[in-house]
């Protein structure tokens, strides 16, 4: 073989060797990075796992007292707490001692009092899981399972601004009607073989009741925040007009954001950043209906934006 041919062959072999080595190193680095990502993911999942155990170790307090002590201006529950599962288990299983119509709003709900005096909000199942609501983004009824999913997304994102939510099955005939107020009881009816109720709210109609499967109704249960933390309602600066053909100012005024940043409580403190966090949260859960929001009362903009009503 001539010298020139040998040089060309060696050059080709050298190039192949270099590419092979680089490829293997990259693969090793990528594999190591992937393994570290997987380990980080599993650590996160382990930290989020909740054991729904009724036992409250190392305390004589009730689950409701523990949950009430968690609430501070910037979070509803702590990042890590061994009692979370016990509180959620109590929400799912404690006896219902009173049932009333839900607080005013646009959606059907019931206010329940659980054994031990804890208030919770019950939102009934209105749709099958795979049902698609057509129309405007804010059309249709609330979805109870959206409340459950939103609570866990709040945990994953580390916001800790959504009250605790669990799913629960209730027997309307044996658990609700015997302890229902006259106002709530007056909204009960039977449709076919199913027990139904329509409650009281802005858009509640006798012609649009929520119906159980027989007597068993699925729904979400949201823990009521302690009364020592009264809420203050605010109009969302990026809310919709809800009027056909009428745009909100933020939809046409390019200087609107600058104007908001000069307005209390968005001109100082964390509130504007909370609005941004909530926009991301709402995008992920598909919520286009946050026209108002709540914070703790008399907070001068220091408290968090509380993630309530996440079922749209």
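The backbone N, Cα and C atoms fix where each Cβ goes, glycine too.
Listed in TrEMBL for this protein:
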type	residues	note
BINDING	107, 123, 222, 223, 224, 225, 294, 309	ATP binding site
BINDING	142, 309	Mn(2+) binding site
DOMAIN	188-312	domain 'FAM20 C-terminal'
ACT_SITE	289	active site
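Features recorded in TrEMBL, as mapped to the structure shown.
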{"residue": "107", "record": "ATP binding site", "contacts (Cβ under 8 Å, 6+ apart)": "123, 141, 142, 201, 203, 309, 311"}
{"residue": "222", "record": "ATP binding site", "contacts (Cβ under 8 Å, 6+ apart)": "120, 121, 123, 147, 163, 164, 165"}
{"residue": "223", "record": "ATP binding site", "contacts (Cβ under 8 Å, 6+ apart)": "67, 87, 91, 118, 120, 163, 164, 165"}
{"residue": "224", "record": "ATP binding site", "contacts (Cβ under 8 Å, 6+ apart)": "118, 119, 120, 121, 163"}
{"residue": "225", "record": "ATP binding site", "contacts (Cβ under 8 Å, 6+ apart)": "71, 76, 163, 231, 306"}
{"residue": "289", "record": "active site", "contacts (Cβ under 8 Å, 6+ apart)": "137, 138, 240, 312"}
{"residue": "294", "record": "ATP binding site", "contacts (Cβ under 8 Å, 6+ apart)": "231, 232, 233, 234, 305, 306, 308"}
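Of all Cβ atoms in the shown protein chains, 26 besides its own fall within 10 Å of the Cβ of residue 123 (ATP binding site).
The number of other Cβ atoms within 10 Å of the Cβ belonging to residue 309 (ATP binding site), over all protein chains shown, comes to 24. Residue annotation for ATP gives 107, 123, 222, 223, 224, 225, 294, 309. The furthest Cα pair among them is separated by 19 Å. As a whole-number mean, the pLDDT of the domain 'FAM20 C-terminal' (188-312) in this prediction is 93.
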